[in-house]
Amino acid sequence: MAEEQVLNTHNASILLSAANKSHYPQDDLPEIALAGRSNVGKSSFINTILGRKNLARTSSKPGKTQLLNFFNIDDKLRFVDVPGYGYAKVSKSERAEWGKMIEEYLTSRDNLRAVVSLVDLRHAPSKEDIQMYDFLKYYDIPVIVVATKADKIPRGKWNKHESVVKKALNFDKSDTFIVFSSVERIGIDDSWDAILEQV
């Protein structure tokens with residue numbers, strides 16, 4: 001997709017929720033997956049960059065997304081919201097099922113163009129954040145790291161926090177790193193630039 005203006009980002013809707021590949025949409029539209037810890041702000045990220053308040057439901061209860069949620073954007077692109085990882089109150093068997101479902105999607109879906117890996121800028125990445133980044137690099141899946149909740153940190157400390165995150169991830173300089181805030185609407189254009197570069 002060459003130009004951002006050809007995509008009406010406000011023309012977006014939730015398409016379907018899927019537990020396995022038999023439920024995936026059967027076409028060749030490009031897909032961007034969104035992965036991150038429970039409550040890292042994935043739903044807020046989706047709502048903010050699409051300019052919609054409640055398209056993706058935000059929840060104060062972590063672990064709410066238990067299926068792959070497919071969002072249709074102007075019939076030209078899809079976002080795929082992946083279940084949040086690292087939520088302790090989910091049973092081991094449920095976590096194993098989610099892991100299997102996520103791995104199947106990420107490694108076998110031809111439509112997948114890139115993964116937006118969301119991390120919390122306030123904290124060093126968790127073990128699961130690092131595992132996800134390593135997994136994507138191992139399978140050579142393009143990754144865009146989006147560091148959320150920047151509004152919770154004074155701007156003068158962003159660089160320091162960014163350095164901590166990058167060091168922990170062993171961040172590849174050829175990947176894109178975006179500082180993001182849904183509250184202050186920071187990083188929206190950079191996110192779209194990075195996404196559209198992949199599709």
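Here the Cβ of each residue, glycine as well, is placed from N, Cα and C on the backbone.
Fair warning: this is a prediction, and the values are worked out from it, not measured in the lab.
Taken from Swiss-Prot, the feature GTP binding site applies to 36-43, 63-67, 81-84, 148-151, 180-182, supported by sequence analysis. For G36 (GTP binding site), the same-chain residues lying six or more positions away in sequence with a CB closer than 8 A to its CB are K42, G84, Y85, S117, L118, V119, D129, M132, T148.
The Cβ neighbour count for S43 (Mg(2+) binding site), using a 10 Å radius and every protein chain shown, is 22. What Swiss-Prot records for S43, T65 is Mg(2+) binding site.
Sequence annotations record features per position, and here Swiss-Prot assigns domain 'EngB-type G' to 28-199.
Between the candidate binding-site residues, K42, K149, the densest Cβ environment within 10 Å is the one around K42. Of all Cβ atoms in the protein chains displayed, 23 besides its own lie within 10 Å of the Cβ of P83 (GTP binding site). Each residue contributes its Cα atom, and for L67 (GTP binding site) and S43 (Mg(2+) binding site) those atoms are 14 Å apart.
Taken together, the residues of the domain 'EngB-type G' (28-199) have an average pLDDT of 90.
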